[in-house]
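Feature annotations, courtesy of TrEMBL:
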TRANSMEM  A:16-35  transmembrane segment
DOMAIN    A:19-260  domain 'MacB-like periplasmic core'
TRANSMEM  A:290-314  transmembrane segment
DOMAIN    A:293-411  domain 'ABC3 transporter permease C-terminal'
TRANSMEM  A:335-363  transmembrane segment
TRANSMEM  A:383-402  transmembrane segment
Amino acid sequence: MYLLRLALASLSNRRFTALLTVFAIGLSVCLLLAVERVRTEARASFASTISGTDLIVGARSGSVNLLLYSVFRIGNATNNIRWDSFETLANHPQVDWAIPLSLGDSHKGYRVLGTNGDYFEHYHYGRGLSLELAEGKPFQDLFDVVLGAEVAQALGYHLGDHIVLAHGVSTVSLQQHDDKPFVVTGILERTGTPVDRTLHISLEGMEALHVDWKNGVPARGAGKVSAEQAREMHLQPTAITAVMLGLKSKIATFALQRQINEYRGEPLLAVLPGVALQELWSLMSTAEKALLVVSVFVVLVGLIGMLTAILASLNERRREMAILRSVGARPWHVAGLLVMEAFALATAGVGLGLGLLYVGIAVSRGFLQANYGLDLPLALPSAYEWSLLGGILGTAILMGSVPAWRAYRQSLADGMSVRL
Amino acid sequence: MTVSLIKLTALGFAWPGQPELLNIPTFTLDRGERLFLKGPSGSGKTTLLGLLGGVQTVKRGNVHLLGTDLAKLSASKRDRFRVDHTGYIFQQFNLLPFLSVEENVQLPCRFSKERAHRAEARHGSVVEASRHLLAQLGLAPDLGTRRADSLSIGQQQRVAAARALIGSPELVIADEPTSALDADAREGFLKLLFAECSASGAGLLFVSHDQSLAPLFDRTLSLSELNRAARPLEN
């Protein structure tokens with residue numbers, strides 16, 4: 001391939017422009033691949049947030065809203081579920097297990113979930129993975145708390161630490177439950193789901209925190225109930241936020257969903273997690289697609305930059321073309337030279353883009369995992385990514401054929417002599 | 001009867017929409033002959049060279065190169081035929097600046113198998129052939145790997161001569177190759193060029209407006225006498 005050698009030598013003669021072009025293409029390719037990888041990974045981790053749960057039940061609102069607060073710990077419930085409704089559900093003949101969820105408190109921006117021991121047994125994520133404790137054990141005492149992996153890491157908590165929960169869910173909370181501190185008894189393995197960002201306490205513990213509260217404000221003076229006093233009380237919750245249900249037979253899912261939605265005791269809503277996830281994702285997929293479209297356009301801009309650089313060089317290279325013609329290069333050789341030049345630039349750009357991507361992932365991996373729960377794999381490009389890269393190279397060749405055609409015409413007209 | 005190197009008969013040529021530029025009833029160049037063709041600028045010299053190289057085709061008459069009628073070849077065959085049998089030296093700047101001196105010399109062998117074969121037959125390899133020619137033209141061996149544009153104009157012209165001669169083409173066409181050189185360098189360059197043309201048996205068509213070089217050649221012709229076309233006033 002002597003033409004390739006010539007193309008590369010000619011490019012290296014214009015190495016400053018060539019490097020800039022390669023850099024522009026490289027950055028745009030890196031952006032495209034990064035968007036694609038984040039997109040794929042976000043969708044995958046999103047879809048694997050919850051599994052094994054057949055129905056999620058909450059107060060009647062929207063299915064997306066229910067999914068957001070019960071699974072993703074985003075936003076708040078519009079209403080609570082009475083405890084007797086939970087008992088009715090839990091005792092339903094089709095129901096295998098029922099996990100009560102009680103939300104509303106937080107700790108330094110992380111949500112606190114009140115639940116029972118069933119949560120650690122029945123909550124599954126990914127492909128049927130169950131929660132594992134990295135250290136310690138599930139909560140047993142009233143004031144025990146089990147931390148999600150990210151909470152423990154970000155706040156530097158260890159087993160035995162005492163922490164104070166806050167009322168409400170804002171990061172800066174005015175009301176601290178500082179009269180009833182909790183002890184860290186367990187820390188969960190990382191899951192890549194919202195569980196990592198949650199503190200788990202028992203329903204009774206949640207009840208104890210609020211036992212002396214009236215109308216949303218803590219009691220003062222004589223009305224106050226101390227932690228020790230609370231231990232003596234009957235801490236049966238009267239309401240919870242949501243319920244996760246596992247059924248004995250999947251076939252009953254729709255029938256039970258219907259029954260719950262028509263429950264006469266209070267207005268309830270039951271959703272299938274998979275369906276609600278799909279619905280939620282379709283909301284976000286517009287943004288995700290827009291992001292992809294933007295990055296595709298950025299790649300196009302990079303390639304057009306290359307086209308401009310090659311076209312601009314054509315005139316000053318007429319002599320080069322004429323010399324090549326005089327030593328026997330045919331017009332299609334000259335055209336081929338330019339296509340190869342475009343191809344070489346694009347290939348170098350794609351290579352640089354891949355390099356930047358891997359360096360970027362390697363550098364930011366820990367940060368993304370810790371802050372956004374995104375685990376970007378340092379894997380080889382997927383088939384789809386290869387096809388994107390192939391498309392870029394194909395487009396580059398197509399674009400290279402524009403200056404190639406011009407040079408072809410030019411070298412036919414100029415022949416071996418150029419009068420400049 | 002030996003076949004002429006170049007044979008033009010009843011040649012006519014005009015650029016589209018312009019009056020006839022060339023009208024040459026007859027012209028021949030024999031093998032191994034060294035011809036000085038005097039042509040001031042605007043005399044149709046460049047066009048004639050384009051016709052001889054097959055880059056343009058005649059409107060009328062014939063161009064025979066080594067007995068082959070160029071008009072009967074397809075465009076790509078004409079290109080191949082040209083590089084197989086003709087070496088070119090231009091006025092100046094006719095090296096690719098980003099290649100080494102040796103690579104510049106070897107260029108015709110990259111595009112012509114025939115010239116590559118001939119270079120191999122004579123010198124063993126294309127690389128050897130280029131080194132031999134550079135040495136014959138008085139260029140130090142260590143210049144071979146330098147970038148072509150790092151050489152002086154005089155040295156570059158000798159490199160261009162080596163490139164025209166590699167693979168022993170039957171015809172060397174030189175278009176004002178000495179106009180960028182000073183008087184002393186001109187004669188030196190010509191002597192080297194003649195010697196190498198003789199060594200490979202190549203005919204030389206030397207086009208220049210510099211009459212002072214004419215006595216060194218076998219034969220001298222003036223393009224303005226050769227060309228019967230009514231010439232437009234020179235600007």
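Quick reminder: no glycine exception, Cβ is built from N, Cα and C everywhere.
On a predicted model such as this, the values are computed, not experimentally measured, just so you know.
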Give the residue counts of the domain 'ABC3 transporter permease C-terminal' (A:293-411) per reduced DSSP state, in the order helix, strand, coil. 104 helix, 0 strand, 15 coil
Using Cβ atoms and a strict cutoff of less than 8 Å, what residues sit near the transmembrane segment (A:16-35) while being 6 or more residues removed from its termini? 291-292, 294-296, 298-299, 301-303, 305-306, 309, 313, 345-346, 348-357, 360-361, 381, 385, 388-389, 392
What average pLDDT does the predicted model assign to the domain 'ABC3 transporter permease C-terminal' (A:293-411)? 88
